[in-house]
Amino acid sequence: MTSAVPMVETALDLHSLAGDLEVLMAIEAEEARQHDGIELIASENIASRAVRAAQGSVFTDKYAEGYPERRYYGGCGPSDRIEQLAIDRVRRLFDAVWANVQPHSGASANLAVFFALLQPGDTILGLDLACGGHLTHGSPVTVSGRWFKAVTYQVRRDDEHIDYDDLARIARQTRPKLILVGGSAYARRIDFARARAIADEVGAFLVADIAHYAGLIVADLYPSPVPHAHVVTSTTHKTLRGPRGGIILSNDEEIGRRVDKAVFPGIQGGPLMHVVAAKAVAFGEALGADFRRYSAQVIDNAQALGSVLQEGGLRLVTGGTDCHLLLVDVTPFGIDGRTAAEALERVGLTVNKNAIPFDLHPPARPSGIRVGTPAATSRGFGISQFEEVGTLILAVLNGVRAGSVDEAGIRGSVARLTASHPIER
Ligand SMILES: *Cc1c(COP(=O)(O)O)cnc(C)c1O
């Protein structure tokens, strides 16, 4: 087992792509785009070189259907080691009894949980998309809305926080088999204990989808659903800063066994062992003290950015944030979210258009933009850089409102910020 091996050459070595210039140039264009712009999409981050090294490793070649010590193919010794390491680390990170690290993505993690716990036609109850929920929580364009009877709860009209009374009322009326909490554009803390009490009252499973908050939870900066939910799903590439992928956690081993069977063979074939290896690396990084400091900076930065935007006349949904993201209503400037997002992209500030609760505008031209701090914080941005980003966002949107944006000047400011905070490759 302990043979001395030379340093492995990894796929990070772009020289090996010299014979395929079309691919090489696309990768280099993406590298330049990331370096030269300021990434403010709340679901994105910048994985470490170590994470990418593991993801580019020889584990991409290996079939390892099954689970550690229970595989369908031979030659799975190293795969068992790496997957067990990922499982042990993620259980330690979240203080969870059981974990599955094989889901290819957040959507796959959710689908596996549905397959484990539901029958077609069952009722599921999730947060309304315009209130910050996720497509996979019952939207009719996904399996979750097509194969299940999906009902939604909303946020309160006055303060835009989750309306737990509405959740309880709809749960009593519709008797869902499964209740989902979590979302993609909800900036406040979630009361997981209260959601569990409602689920227990109606005999539903509580599933917490922490795709967005996972990194903040392991840093103890956002409440953990693990003690409360029957099942927890997450991505690994958002605030957790790992490779693109999914995980599922539970404190109930019986549910864990059902979900294991649902992931494989239920909805997936062979696990992406190279991604599992990269997950193990990311979980190791998240166990370190630096990760807590990073996560605290992510939240401080979001709050500083929010204050600048608010003082500049934009409206923050819920009036602020407890996490890494801001949902910004741009209609006080007389513009819509799509126009805002497009104008920001032209100067190298990448955000996404987003609906706001009870949005009066159509999804193609919603009232808001969503802005997040995890990626730029990973390249070293602190509060003063984010205050400048806020000033630049205001300059762009005020320019749009007035009919002329100083694109060259703002691009120059973006270039100074990115040059002084290079992405370390
Ligand atoms: C991002 C996200 C997902 C989907 O993750 P993918 O990896 O893109 O499939 C699921 N749920 C929530 C709440 C998310 O934010």
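Heads up, the Cβ atoms here are built off N, Cα and C, so glycines get one too.
Residues or ranges marked as (6S)-5,6,7,8-tetrahydrofolate binding site in TrEMBL: LEU129, GLY133, HIS134, LEU135, GLU253. Under the heading domain 'Serine hydroxymethyltransferase-like', TrEMBL lists 20-393. Residues annotated as N6-(pyridoxal phosphate)lysine in TrEMBL: LYS238. Annotation comment: TrEMBL describes HIS237 as site 'Plays an important role in substrate specificity'.
By the rule that a residue counts when its Cβ sits under 6 Å from some atom of ligand 1, the recorded positions LEU129, GLY133, HIS134, LEU135, HIS237, GLU253 yield HIS134. Annotation note: GLU253 ((6S)-5,6,7,8-tetrahydrofolate binding site) sits in a helical segment as assigned by DSSP. According to DSSP, the residue listed as 'N6-(pyridoxal phosphate)lysine' sits in a coil region rather than a helix or strand. The most crowded of the binding-site residues listed here (LEU129, LEU135) is LEU129, judged by how many other CB atoms sit within 10 Å of its own CB. Looking only at Cα atoms, LYS238 (N6-(pyridoxal phosphate)lysine) sits nearest to GLY133 among the binding-site residues LEU129, GLY133, GLU253. On a Cα basis, HIS237 (site 'Plays an important role in substrate specificity') lies 16 Å away from HIS134 ((6S)-5,6,7,8-tetrahydrofolate binding site).
Per-residue pLDDT, averaged over the domain 'Serine hydroxymethyltransferase-like' (20-393), rounds to 97. The binding residues for (6S)-5,6,7,8-tetrahydrofolate are recorded as LEU129, GLY133, HIS134, LEU135, GLU253; their greatest pairwise CA distance is 31 Å.
The Cβ of HIS134 has fewer other Cβ atoms within 10 Å than any other of the recorded positions HIS134, LYS238. Packing around GLY133 ((6S)-5,6,7,8-tetrahydrofolate binding site) is summarised by its Cβ count: 25 other Cβ atoms lie within 10 angstroms of its Cβ, all protein chains included.
The highest number of surrounding Cβ atoms within 10 Å, among the recorded positions HIS237, GLU253, is found at HIS237. A helical conformation is recorded for LEU129 ((6S)-5,6,7,8-tetrahydrofolate binding site) in the three-state DSSP classification.
The two recorded residues, LEU135 ((6S)-5,6,7,8-tetrahydrofolate binding site) and HIS237 (site 'Plays an important role in substrate specificity'), have Cα atoms 18 Å apart.
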